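Inspection log for the structure reproduced underneath, given as structure tokens.
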Amino acid sequence: MLLKAAPAFALLNTQGENLSPLFSSSKSFSPKNGNRFVVSASKATNHKPLTGVVFEPFEELKKELMLVPAVPDTSLCRQKYSDDCEAAINEQINVEYNNSYVYHAMFAYFDRDNVALKGLAKFFKESSLEEREHAEKLMEFQNKRGGRVKLLSICAPPTEFDHCEKGDALYAMELALCLEKLTNQRLLNLHAVASRSNDVHLADFLESEFLVEQVDAIKKISEYVAQLRRVGQGHGVWQFDQMLLNEGAAA
């Protein structure tokens, strides 16, 4: 109804009487139109803060200054970064380096003169470099959050990838698919650690930099496995290898 005006206004009747004052006003206006109500603005101002709490930065900084470490070997930037997240990041760094080592062994195998599948060699070499970049990206994040990078042992990968039934190309690509799925599961486990620790920075980092890319890699290698199963051994493998050599990209 018209009687319920905004809080910054007061209502006057036709005789100039204030019917429902909401704030004090130094000026009033006389009505000119019959029995209709006239709305008049109020000049009063509410000086109370909206939240009732005044931000005093130097008072709050006193508490934070007590938390700044003075020991030289202690991180200064670390904040809300749990030991579980730090350890899980180091484990994932090891996973990425192991992946890079396996892919590098595959590159060396397919680059042999008696194998000579240059497209597969190129694909696995690029995949090895990409896994190494993933490890370095995790190391940079570890340092950014104030953690300490601890490199773990890397297992020696196999050097032979020939398979009497499947052939070397299909066998190696199936190994790559299993490796990418295993890596995806480890990333999901790392994301679960971040969620349990309420570490939104780590969770966002994994979602934006790793998880989407990992699903894309699994999809692409799955298609490669399906294509190699379809062409069988022989000339079809050479055609597939030429496709990777001219158009392929790393997982």
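Count begins at 1; order follows the chain as displayed.
The backbone N, Cα and C atoms fix where each Cβ goes, glycine too.
Of the residues Glu165, Glu180, Glu247, Swiss-Prot places Glu180 in the same Fe cation 2 site as Glu131, Gln214. Binding site for Fe cation 1 per Swiss-Prot: Glu131, His134, plus Glu96 from the candidate set Glu96, Glu140, Glu160. Counting only same-chain residues at least 6 apart in sequence, those with a Cβ under 8 Å from the Cβ of Gln214 (Fe cation 2 binding site) are Glu180, Thr183, Asn184, Leu187. Neighbours of Glu180 (Fe cation 2 binding site), defined as other CB atoms within 10 A of its CB across all chains, total 23. Neighbour density for Glu131 (Fe cation 1 binding site): within 10 A of its CB lie 25 other CB atoms from the protein chains shown. Taking the centre of the Cβ atoms of Glu96, Glu131, His134 as the Fe cation 1 site, the nearby residues of that chain (Cβ within 8 Å, site residues left out) are Val95, Tyr97, Asn99, Ser100, Glu130, Arg132, Glu133, Ala135, Leu138, Thr183. The average pLDDT for the domain 'Ferritin-like diiron' (79-232) in the predicted structure is 97.
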